[in-house]
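Scroll down for the structure; my scribbles are underneath it.
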Amino acid sequence: GLFVTDYFTRTPRKLSPFRSFASIELFHFHIPEDTVIAVWNLITFKEQGGTFGDQCPDRSITVYFRSGAPSVINPLHTHFPRDTAVPGSFALTLTWTLPNRTTGVFNVTSPLPGDWFLAAHLPKDEGKISVKGLYEECQYLFQPQLIVQRLVNIAVLYPGHVTEQSMAPHNRSCLYKVFVPSYTSRVLVEVLRCRGAEGCPLWLRVRAKAPPLHNSTTLDCREHTPCQLAQDLPFWQHWYYVLVEKHPGVPGTISFQVTVQLTDCSRPSLARPPFLPSSASMNMPHSFGSAGGLALGDSPPPTSPNDTKHPVPIPVTSHAGERCWPVRPTLRNELDTFSVHFYIFFGPNVSVPPDRPAVFVINLLPVLDSGGVLNLELRLNVSSLCGENVTVFGCLNHEVPLTSSDNTSVTCETESLAGFLLSVNATASLSRLRIPYPQTGSWYLSLRSLCATEHGFEPCTNVTAEVYLRAYLSPCINDCGIYGQCKLLRTNNYLYAACECKAGWNGWGCTDNAEAFSYGFQLLSTLLLCLSNVMFVPPVAIAVRSHYLLEAAVYIFTMFFSTFYHACDQPGIVVFCIMEYDVLQFCDFLGSLMSVWVTVIAMARLQPIVKQASVLYLLGAMLLSMALQMDRHGLWNLLGPSLFALGIMAVAWTARTIRRRHCYPPTWKRWAFYLCPGALIAAAAVLLYAFVETEENYFYIHSIWHLLIAGSVGFLLPPRAKPSRRLGPLPRRKGCGYQLCVNEQEELGLVDPAVASINSICTS
């Protein structure tokens, strides 16, 4: 055959330690039809400060692969919510082969066509809270690349039509495909008139959606005569691939014929006609390909004695598995992203007759619906059972309904298919099923009522059960509960939802309480973080007593908003918010930095120069507001204004030292009992905040931070300025024989000149 190679790549992304599915990096690929091999090249490299991170530690990277929808992963081995089905996925762990780079390869032979999703993450870390910009962080970047090789011009088999083939000695196999429309209960592939040097040394393999593998359904034509391979309950609206493979070491040319027969389950006594006038009759796609030059839209040519393609008689075999029942559609009602309700016509109460199943179809749109949770709920109306011991079984299957036999209704499994089973009866009248990240396409729900007897379950007589059926799509399971937040995430143009848990809760739906914080612990942490701000009361009192009223107002502002910000910032249920969270956070950060700013400016003793001090206070407020708006957690955006204030203080102290020729502040007691202890306390607070604080110790380390910062302000705030000594009377000036008298208070600017009274009477 002719092969075509396609290449796909994605932009490198920074990986994060795993905490929940919201912290993973998701990559979306699309594999075309007729792909025989897909190779993922997984490139990972380290970066630190814009260069290669040779000094970064080696951390293993886990990559998950799944077809049709994102992987449902559980690396922390937490518990899933009840009634949750967990689909499987492939997992691969990458180890480092070079100091700053590693590469992994993942091959998939004959992959399923359509959407494929890769999820990657780092191992869970210790939860250290680092200050942004304090040091160069090690970054682990991951870039997947996909190379696919696909066959073109695969021969298409028409149902009931014979295709002749000769396999040359240098060829090992021949590949065909046939399209299976809806309401097909059986696919029968047969090899006819096989002639070779050693009988019929052929293997016959059949697989849905992709070319067959070594473990696909296989038949050895040397051991079975006739060589027929049947597939019951095939997937609807999909291609089936037929591989005829020669035994190794067989010489010579082998000639044979291949034919496919499809059984129409809507008319079990009739098989599908061998020739159909157009693709619409078979629900076949128009971009179809060709089989021996036969155009899809044309009628096959009339048969002749010398024609290599001719119809074959279709044996009619009627058994219970070939019959299917009408499929009732559902009405799709989209409320929001991943919020879709599927309504049943003349529902939601449905009647399940005793002699046949009730079948419903739920259509999930490609890509759009795979990022949520498919929810199904069955509730039995016990009063409709009339006292009979009736059990209603529900079987949910992807792409084909399971209604073949009573045993299948109970187990929801066949040799080649497995679905999700639900059951309700008079004892347990409610059953739920949740499927996170469901595969898109058609989901079929088959409801069957059976009566329990001594010999097992048997069909009921004259009892029609009534069941309340509810099917809907939601972003998360139960909206992640009270200890989680449902987040809508995006990777390129693909949307998906995931829970982000808090207060020690874990799991896909934040229902695993193995490490959950108790209510007492949550209350204690909230009280510590809030009441530790009371430590600002002594600095406020000191500021008021020293006539630093502006500084006292800033400390009160900081104490108020820090208290209510931490009351609103708690992860559990002990939460109290008086404003929006973002407003409280901004005011808390602004108050903290303004407290540092006004304290340092007060230490600079700029009060005698009234106008300059006011300008600095206003300048600080504007600079800090700008820095917080730019990056609320950036180190230099916050540290820059603080260093600027310290520079002003250093210049003011240096100027006083030079002018007085004495160290400022002049007394050793001020240094020993106030400045040095205050500076040490502030330094200890900064070190705790930058290097010790983690998610586990946050509530008490941050409370200590509040205490230390407020205590350092009490030490560093300068004492009340001593009043200036009263100036003596100014020298009196004489002019033109008159003695000029000047009011001393007016000269000092202490009173209004317009109302100043002259204390002395001057005469010429």
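Here the Cβ of each residue, glycine as well, is placed from N, Cα and C on the backbone.
Pulled from TrEMBL, these are the features on record:
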- 499-510: domain 'EGF-like' (DOMAIN)
- 516-536: transmembrane segment (TRANSMEM)
- 548-567: transmembrane segment (TRANSMEM)
- 573-597: transmembrane segment (TRANSMEM)
- 609-628: transmembrane segment (TRANSMEM)
- 634-655: transmembrane segment (TRANSMEM)
- 671-692: transmembrane segment (TRANSMEM)
- 698-717: transmembrane segment (TRANSMEM)
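Contact check: the transmembrane segment (634-655) against the transmembrane segment (671-692) gives fewer than three Cβ pairs closer than 8 Å, residues 6 or more apart, which falls short of the contact criterion. The DSSP breakdown of the domain 'EGF-like' (499-510) into helical (H, G, I), extended (E, B) and coil residues amounts to 0 helix, 4 strand, 8 coil. Note on the transmembrane segment (548-567): residues 526, 529-530, 533-534, 536-537, 539-540, 575-579, 584-585, 587-588, 591-592, 594-595, 598-599, 602, 617, 702, 706, 713, 717 of its chain, located 6 or more positions outside it, place their CB under 8 angstroms from a CB of the stretch. Residues of the same chain lying 6 or more positions beyond the ends of the transmembrane segment (516-536) and with a Cβ under 8 Å from any Cβ of it are 483, 503-505, 555-556, 558-559, 562-564, 566-567, 569-575, 699-700, 702-704, 706-707, 710-711, 713.
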